[in-house]
Amino acid sequence: MVSPATRKSLPKVKAMDFITSTAILPLLFGCLGVFGLFRLLQWVRGKAYLRNAVVVITGATSGLGKECAKVFYAAGAKLVLCGRNGGALEELIRELTASHATKVQTHKPYLVTFDLTDSGAIVAAAAEILQCFGYVDILVNNAGISYRGTIMDTTVDVDKRVMETNYFGPVALTKALLPSMIKRRQGHIVAISSIQGKMSIPFRSAYAASKHATQAFFDCLRAEMEQYEIEVTVISPGYIHTNLSVNAITADGSRYGVMDTTTAQGRSPVEVAQDVLAAVGKKKKDVILADLLPSLAVYLRTLAPGLFFSLMASRARKERKSKNS
């Protein structure tokens with residue numbers, strides 16, 4: 001039985017429910033609308049930011065660098081494509097100018113050929129890059145080399161070679177182009193690092209070391225360049241389905257020549273390039289572009305280091321057993 005007091009309170013309860021629901025729903029939809037508008041404005045600003053921007057991309061002849069060239073070109077950027085193979089760069093330019101139907105005005109790219117491990121060539125290359133359009137808006141440090149091997153079997157020369165390509169080369173090119181950006185108080189430095197710049201896995205020591213150094217340098221650069229209004233973005237992809245593992249060097253410097261299973265199952269470089277474009281357009285500072293497990297491993301390394309180290313030791317044992325079987 002419902003008491004008289006309860007009966008009297010029922011209309012009040014229903015009235016309160018009605019008021020609450022009618023107040024919350026508009027508020028909820030309003031918040032969603034504001035969020036959607038914010039994302040739309042971000043997208044529009046990103047498109048405008050990239051259109052007609054002078055973008056330098058290293059390692060543009062293959063893999064992620066080549067796909068980045070395609071998406072930045074389609075976005076209307078003025079490209080300066082860099083690499084060691086001039087013929088491959090020319091072929092890429094022909095491909096870009098012949099096949100891309102875009103809604104924005106595009107510009108014929110320039111090419112600059114040089115080796116990132118040659119410090120003298122980098123200085124000359126930077127001068128040549130600046131001659132193309134007179135300035136640089138965005139530098140995408142993408143070129144790199146991977147490595148497979150045990151620490152004890154790896155010569156120091158191999159360690160140096162990986163560091164020269166992945167760390168010292170990009171640092172030297174960045175330093176060579178920074179003065180022109182500082183003078184204009186405008187510019188954006190992008191470092192394509194790796195998830196292994198945030199945590200390390202066995203038999204990748206030289207590569208992981210070079211990417212940890214990359215992360216540290218560009219984090220410092222971001223803080224120091226804030227006064228000049230220069231943006232710095234570090235992008236850390238996980239496995240990408242490219243020839244990175246095939247072209248990796250081994251402990252003695254020879255070519256690895258194997259497509260690792262993890263690499264073969266990695267993300268499409270086309271998708272990753274689109275994510276890079278979006279991150280640059282939104283001026284993000286630090287981005288992880290990896291699947292769930294590698295991303296979780298980054299946090300596990302910090303929150304539960306003992307467990308992380310045990311898992312890496314187990315991985316090392318399994319890889320050794322697999323190679324010896």
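Along the chain as shown, the residues are counted starting at 1.
Cβ coordinates come from backbone N, Cα and C, glycine included.
Within the set 18-38, 123-143, the record from Swiss-Prot flags 18-38 under the feature transmembrane segment. Annotated NAD(+) binding in Swiss-Prot involves S62, L64, Y207, K211 plus, out of the candidates T97, T242, the residue T242.
Classification of L64 (NAD(+) binding site) by DSSP places it within a helix.
A sphere of 10 angstroms centred on the C-beta of Y207 (NAD(+) binding site) encloses 27 other C-beta atoms. Around the Cβ of K211 (NAD(+) binding site), the number of neighbouring Cβ atoms within 10 Å comes to 28. Straight-line distance linking the Cα atoms of Y207 (NAD(+) binding site) and S194 (substrate binding site), rounded to a whole number, equals 9 Å.
Per the record's binding annotation for NAD(+), residues S62, L64, Y207, K211, T242 show a top Cα-Cα distance of 20 Å. Taking each of the binding-site residues S62, S194, T242 in turn and counting other Cβ atoms within 10 Å of its Cβ gives the largest count for S194.
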